[in-house]
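Enquirer: One structure, as structure tokens, below. Some questions next.
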């Protein structure tokens with residue numbers, strides 16, 4: 001687990017962009033182990 005990971009199931013990295021933007025203000029992230037990891 002990491003501080004920039006979201007407990008959100010994903011199937012593709014693009015599914016993480018909007019949640020990452022809402023959570024951290026940047027629409028950058030990737031799908032790792034079916035969870036979103038955001039880049040900040």
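Just so you know, glycine gets a Cβ as well, placed from its N, Cα and C.
What Swiss-Prot shows for this protein is this:
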DISULFID  2-5  disulfide bond
DISULFID  10-31  disulfide bond
DISULFID  16-36  disulfide bond
DISULFID  20-38  disulfide bond
SITE      30  site 'Basic residue of the functional dyad'
SITE      39  site 'Aromatic residue of the functional dyad'
Enquirer: Measuring C-alpha to C-alpha, could you say which of the disulfide-bonded residues 2, 10, 36 are within 10 Å of residue 30 (site 'Basic residue of the functional dyad')?
Expert: 10, 36
Enquirer: Out of 2, 20, 36, 39, which of these recorded positions is nearest residue 10 (disulfide bond) by C-alpha distance?
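Expert: Considering only the listed recorded positions, the nearest one is 36.
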Enquirer: Given the disulfide-bonded residues 2, 5, 20, which one's Cα is the least distant from that of residue 36 (disulfide bond)?
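Expert: Result for residue 36 (disulfide bond): the nearest of the disulfide-bonded residues is 5.
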Enquirer: Looking at Cβ-Cβ distances, which residues of the chain lie under 8 angstroms from residue 5 (disulfide bond) while being 6 or more apart from it?
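Expert: 32, 35, 36, 37, 38 - these are the non-local Cβ neighbours of residue 5 (disulfide bond), listed in sequence order.
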Enquirer: Looking at the disulfide-bonded residues 2, 10, 16, 20, which one has the fewest other Cβ atoms within 10 Å of its own Cβ?
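Expert: Ranked by other Cβ atoms within 10 Å, the disulfide-bonded residues 2, 10, 16, 20 bottom out at 2.
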Enquirer: Near residue 31 (disulfide bond), which residues of its chain come within a Cβ-Cβ distance under 8 Å, counting only those 6 or more away in sequence?
Expert: 10, 11, 12, 13, 15, 16, 37
Enquirer: Just counting, how many other CB atoms are there within 10 A of the CB of residue 30 (site 'Basic residue of the functional dyad')?
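Expert: Looking across every protein chain shown, the total is 16.
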Enquirer: List the same-chain residues at least 6 positions away in sequence whose Cβ sits under 8 Å from the Cβ of residue 39 (site 'Aromatic residue of the functional dyad'), in sequence order, or say none.
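Expert: Same-chain residues close to residue 39 (site 'Aromatic residue of the functional dyad') (Cβ under 8 Å, separated by 6 or more) are 4, 20, 26, 28, 29, 30.
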Enquirer: Inside 10 Å of the Cβ of residue 38 (disulfide bond), count up the other Cβ atoms and send me the figure.
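Expert: 24, counting other Cβ atoms within 10 Å of residue 38 (disulfide bond).
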